[in-house]
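What TrEMBL lists as active site is CYS116. Per TrEMBL, the feature domain 'Semialdehyde dehydrogenase NAD-binding' maps to 4-105.
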Amino acid sequence: MTVAVFIDGAVGTTGLEIRERLSARPEIALHTLDDDRRKDAAARAAALNQADIVILCLPDDAAREAVAMIANDRTRVIDASTAHRVADGWTYGFAELEPDQAQRIATARFVSNPGCYPTAFLALVRPLVRGGLLPADALVGVNAASGYSGGGKAMIEEFESGAAGTAFRPYGLSLAHKHVPEMQRHAGLAHPPIFQPAVANTYRGMVAEVPLHAAQLAAGTTIDDVRAALADAYAGSALVRVAAGDVATVAIEADAGTDRMTLRVFGNAGTGQLRLVATLDNLGKGAAGAAVQNLNIMAGLDPVAGLTL
Ligand SMILES: NC(=O)C1=CN([C@@H]2O[C@H](COP(=O)(O)OP(=O)(O)OC[C@H]3O[C@@H](n4cnc5c(N)ncnc54)[C@H](OP(=O)(O)O)[C@@H]3O)[C@@H](O)[C@H]2O)C=CC1
Ligand SMILES: CC(=O)N[C@@H](CCC(=O)OP(=O)(O)O)C(=O)O
């Protein structure tokens, strides 16, 4: 049996990456629209309604519009945009986030792919909140750097033309980045984290870090407890791995070009300070890799088919 998949937005940065991962798979009948019809409403509506599963790789408004064009109760949706990540009726497509999340994705009709930065933040923080190691009312921050492909075609052009004129550019300085609501909601935190994103002059890759004082953790929690909680949460996961915190540096490129994510816990027992660090590819586990993983799960296929571990 083949699964009919339509990618809406297949020539964008994320869409192209998904297409690349799906094109050689015989169990998937992949459909995209030619350049002259890819923004034609009638052509999109027909393709959206013919597919078993559609993957939306569009700006938020166009993603909402695409969902509204689906006029049947059969077509299932994976939305890579921010539009539905905290919306009612949508399942959050981070398969490793909760013990039953993959099962929920498997039966969901509407799946929202997580944001790249939230993927890193939630992987580090959610197991600690769930396990009671980090109180839900903790005040936390997360700083992160992304490759410039995270900003899509416009930012790629900005950096590759030389117009950006920088090696490293903090942004989100109004403290209202679009990813904060999904970070707070899916971590189960009472307060929004302070999010400090930056874009680096490298095409792809991401490093994100949550600094913590032991005093923020539940009384008696040690650095080893934190490491063990993460190791437990991702035991057996093919894509999320917990590595030893015995390296001196971590590079933004560490997991670039793959669909995996690596978590590390660094700590100083003397000062009682910790740094939780995640590396991933913003276009891999942060976008296209997660979309393909969700598609596999929804279609009952090998969850890591087509992915680079
Ligand atoms: N880049 C990343 O790392 C990540 C991106 N995402 C999300 O994925 C989505 C796509 O982002 P990204 O690929 O980076 O963006 P891009 O700008 O690279 O691509 C978006 C594509 O959508 C097309 N498009 C825009 N409006 C319409 C429309 N009405 N109908 C059909 N096609 C349309 C654009 O056309 P045109 O080529 O003509 O501009 C473009 O090809 C966004 O919601 C983004 O937030 C999620 C995680 C990571
Ligand atoms: C470097 C850069 O600009 N990154 C984008 C996020 C990219 C991303 O993946 O976010 P979505 O999944 O929500 O699209 C930003 O900060 O808006």
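Count begins at 1; order follows the chain as displayed.
Note: Cβ is positioned from N, Cα and C throughout, glycine not excepted.
In TrEMBL, annotation is done automatically, which means it is predicted and not curated.
Not measured: the values here are computed from a predicted model.
Across the domain 'Semialdehyde dehydrogenase NAD-binding' (4-105), DSSP helix (H, G, I), strand (E, B) and coil residues number 35 helix, 19 strand, 48 coil. In the three-state DSSP reading, CYS116 (active site) counts as helix.
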